[in-house]
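Novice: Dumping what TrEMBL says about this protein:
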DOMAIN    A:62-178  domain 'ABC3 transporter permease C-terminal'
TRANSMEM  A:21-40  transmembrane segment
TRANSMEM  A:52-76  transmembrane segment
TRANSMEM  A:112-138  transmembrane segment
TRANSMEM  A:150-175  transmembrane segment
TRANSMEM  A:196-215  transmembrane segment
TRANSMEM  A:227-250  transmembrane segment
TRANSMEM  A:280-305  transmembrane segment
TRANSMEM  A:539-565  transmembrane segment
TRANSMEM  A:601-630  transmembrane segment
TRANSMEM  A:636-655  transmembrane segment
């Protein structure tokens, strides 16, 4: 009873740090619970590509989990500072260290219960709200998110452990320090920072290498690995440069007398020097969190908003049906459509060879791709050479385009397709000569677009469309590249029908099923419908965007907390200083101006750094987007600008909210 | 010539918790001549710090008048007070009040920088540093210094603007006796240079260095002693007698 009273009393006295700590813990619980609920929810399992989404959620849960523990310890350190003085007093009054541990345990359990109850309730409500957003994003109608005991159990267990860690931290500090040190723990003089050239040089080097890596990333596949390496280097650089670079810069300013000995710089520069020493780590963390928020938001939002464009480019008409030559006819398709109450229009057909994978060497020779062979291994090393190839006769090409192109016997037309239509030059395309099936051809023209043929592919592998002079050469060449076993049940040439379908979604589904049934069971066919594709894409990219939003919310929350605690701890330290300045002859408005310029530096710096980081990561983001089949369009810049604007607004809002506590700490200025 | 004149000064505080007013100064009346070294004594709560704050323009009196070189302090606007404080007054505090984020040199330059009068600061500093014996400390930080050294730096900061009056609030309160007597000797030396000094203290030893001692009790000037040609020892005895009287409550 006695211990309980002391425990609660001490929390009450430290309410200015305790309440934010409780809120932080409750929010951490809520976020973790939300992720757990999603991982176990039936709704996620029912999503198309559920495994990918669940994997992402689990990864997210790990990040959020680590972040939660860090935040708990960080916010607790402020509460601990205030509590330690009291514990020192209890100790002087004769409480044993084991009593102190008991009190601390009671406090942790008390905090744990409040945080868990608050967090679980708000987490569940928040989850229900977020589900509404998710349903909207993925164009769904319902999403099954039920209460799950597993999720609850995991969350409770996780935080029980986390709070026990806090009790252990307390116990360690009780046993390590003596009574008097506990009592005086609040006072600690800081010393002037020293120049740390080594840290600075390492930081600068990692920054340069990190930026270089992200600017020169070659292809989407390498982007993911590089991304982690570059991110790691930039994280190191940010910490080191905030710690060492700021000191160097400020000391340099101090040496410039004409600048330093001005009333508006004098106090600010010398204060910042000490301030940066205490805050470098915090500021660097804020800068990195903001960068993460920006990168995650920009990437996922670009995916989500870029997907329509992709669908339109991949499918020139609403429906594409590709089958072996002469298996289907326009009449048959129209008949089937009518059966399903659908109407068709804007019909056209393309005849071309089936697709084959080939390898384009540096001297423009296309060789056959052999799986598992020696040459495949050799070819793999020079990966950029992989190409999808398709062949078409000149007659079919002229029929399709209404052109009257002519080709000599040894001439071809080439049309190349990538997953990044705005950036064709990045891919090697034969422009003068090409060697096909050991015969040399002259490239008469590189066609920039063929109406009716998709203008982009969703695959990482670029495609080459080669128009050959006559039927015989086309078939003969195609045969060389298309694998023999692929041809067993299929003809070499394929018919592709493009048309728009009007009607209900379910009817379209049934129509495609019906059409597929009517084809021989093992024939090589592909049926795609834009409406259905868009629905699939919505689920996939919507899921990404949703997780991106969750991440951003979590990062924002962490940033807000750090800003708040910085304000509290600094307000206390600054009060004495501003009292002195006032006595020495600085007017209140001057002092307020100094405070503002200091604070705006401290707050502006992380935002500026994160925007610089973001701009250096644009190339990387572009390649990452390509890895997920979304080309970067100019809309990405708009998304980026909007995201930066939103983040700055939220950051300013947090700042406004928390700077009130700061000015309360230096309140004597206001009387 | 009269440098500072305090006429019928009254200061009341409103207590935060009750509406009752607390009278810190009732009716203070005295003059300080140019070049005088004057000490104001009184027990804790006698109002001596309030008096100093009023003279220092950190606080405004409820009634009465303070004139420095004939200028009425009440006539100044708030924003002009800060610059007045910088240019005409020098401060030395019990707790030194040096800024830990500034080096010793920069702490001393602070008032000059604030008044934008940094021209020739090096020569001013060099002279003061020798007088105060802090030449070797200039590049250190306050937290690296002993109490006595910190107080010397604080005095240098107060003197660098050549203030008309040096205001001292318990300048030896946080020092051991050896350091305290060194600081008091410094004040003597300043006084001999013609510096006007007004010191608030409850230490008879500190007060015995002054040429005149005012005793304050219950917000009024209760008594004063001129040193005349008394030695420091004799002055100390006189002050102690006066204090005994003061505490005995006989007027």
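Glycine residues also receive a Cβ, built from the backbone N, Cα and C atoms like all the rest.
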Novice: Under the DSSP assignment, what numbers of helix, strand and coil residues are found in the domain 'ABC3 transporter permease C-terminal' (A:62-178)?
Specialist: 100 helix, 0 strand, 17 coil
Novice: Are the transmembrane segment (A:21-40) and the transmembrane segment (A:601-630) close enough that 3 or more Cβ pairs fall under 8 Å, when only pairs 6 or more apart in sequence count?
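Specialist: Answer no, regions not in contact.
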Novice: Please check if the transmembrane segment (A:52-76) comes into contact with the transmembrane segment (A:21-40), where contact means 3 or more CB pairs closer than 8 Å and the residues in each pair are separated by 6 or more positions.
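Specialist: By the criterion, they touch.
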Novice: As a test of reading the model: what is the averaged pLDDT for the domain 'ABC3 transporter permease C-terminal' (A:62-178)?
Specialist: 83
Novice: Counting Cβ pairs under 8 Å to the transmembrane segment (A:539-565), which of A:21-40, A:150-175, A:227-250, A:280-305 comes out on top?
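Specialist: Between the candidates A:21-40, A:150-175, A:227-250, A:280-305, the best contact partner of the transmembrane segment (A:539-565) is A:280-305.
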Novice: Could you pull out which residues elsewhere in the chain have a CB under 8 Å from any CB of the transmembrane segment (A:150-175), counting only those six or more residues past its ends?
Specialist: 25, 28-29, 32-33, 36-37, 39-40, 65, 68-69, 72-73, 76, 80, 84, 87, 97, 100-101, 104-105, 108-109, 111-112, 115-116, 119-120, 123, 182
Novice: Okay, the transmembrane segment (A:227-250) and the transmembrane segment (A:196-215): do they have at least three CB pairs under 8 Å, pairs separated by 6 or more?
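Specialist: Since 3 or more Cβ pairs under 8 Å link them, the transmembrane segment (A:196-215) and the transmembrane segment (A:227-250) do come into contact.
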Novice: Excluding the flanking five residues on each side, which residues at least 6 beyond the ends of the transmembrane segment (A:112-138) place their CB within less than 8 Å of a CB in that stretch?
Specialist: 22, 25-34, 37-38, 43, 47, 145, 147, 152, 155-156, 159-160, 163, 304, 538-539, 542-543, 545-546, 549-550
Novice: Give residue numbers and ranges for long-range contacts of the transmembrane segment (A:227-250): same chain, 6 or more residues beyond its ends, CB-CB under 8 A.
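Specialist: Distal contacts: 193-197, 199-200, 202-204, 206-207, 209-211, 213-214, 217, 269, 272-273, 276-277, 280-281, 283-284, 287-288, 291, 609, 613, 617, 620, 624.
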